[in-house]
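Here is the structure we will look at.
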């Protein structure tokens, strides 16, 4: 199927294009409406004409008001259209351009690789195909994040509560955002954005035979998440608190099902569960809800097993 056709044959967006961010090769232009079509700022029917000028198809198009038309984003400008529009509105375009030019990379440089390889924790942001987000925390000893090269890192996944929210999101939308913060030494952070895939431990070791057997002592990874780096940049030290380690209060209960050792019902949610009406429980969007944030599976790299 041609990339510029929808499944029913109508012209449409390339399914591999991320609608919210500027692709490296720039953005394609839209179909020009017929001059006799809809008025500016309205949605109407425009004529699609053949080489001889004869109308061959009617197509619904949106004709923007001339006052709202902006030049397309610079092909080499990182970030989303939304952040670019807000920069213009807030008068920070020049400051943002300086940050993009000086700090935003499409890979991990040597200092970033060294930083990532010694971290003991990070925060992970994912979203499903509707763009509904989850944010979580991962931790381990220094080296639990495996940095393979300047564009690839991975981390292990262990037995948890069985929900698999982040991994499930990755199956629908491979875009992930990782934030590593050094609270103890340098008081600095590193953002890593990219595309992830999920692999079993066996699959990962077939591809990476030199992978350490136990990245976290006493535990064995069930799954791995491998991230192909697309953006990497600093998180400034300005508001990062300086923390210190204290002696552990007891042995960590990795993989336990003991509710008390996992924190019990700290927020009282379980105690309230019986009193909650079904319509008070959170729900995800229905499967047939249109989504602008849908992301196609990766084509360039083999996908990991679905989990």
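Backbone N, Cα and C define each Cβ position, glycine as well.
The compositional bias 'Basic and acidic residues' annotation in TrEMBL covers 10-20 (among others).
What TrEMBL lists as compositional bias 'Low complexity' is 21-46 (among others).
Sequence annotations record features per position, and here TrEMBL assigns compositional bias 'Basic and acidic residues' to 62-88 (among others).
What TrEMBL lists as compositional bias 'Basic and acidic residues' is 249-264 (among others).
Under the heading compositional bias 'Basic and acidic residues', TrEMBL lists 273-290 (among others).
Residues or ranges marked as compositional bias 'Low complexity' by TrEMBL: 291-307 (among others).
Taken together, the residues in the domain 'Pyridoxamine 5'-phosphate oxidase N-terminal' (109-236) have a mean pLDDT of 94 on the 0 to 100 scale. Residues or ranges marked as domain 'Pyridoxamine 5'-phosphate oxidase N-terminal' in TrEMBL: 109-236.
Per TrEMBL, region 'Disordered' is recorded for 1-92 (among others).
As annotated by TrEMBL, region 'Disordered' applies to 249-307 (among others).
Here the domain 'Pyridoxamine 5'-phosphate oxidase N-terminal' (109-236) has, by DSSP, the following mix of helix, strand and coil residues: 23 helix, 58 strand, 47 coil.
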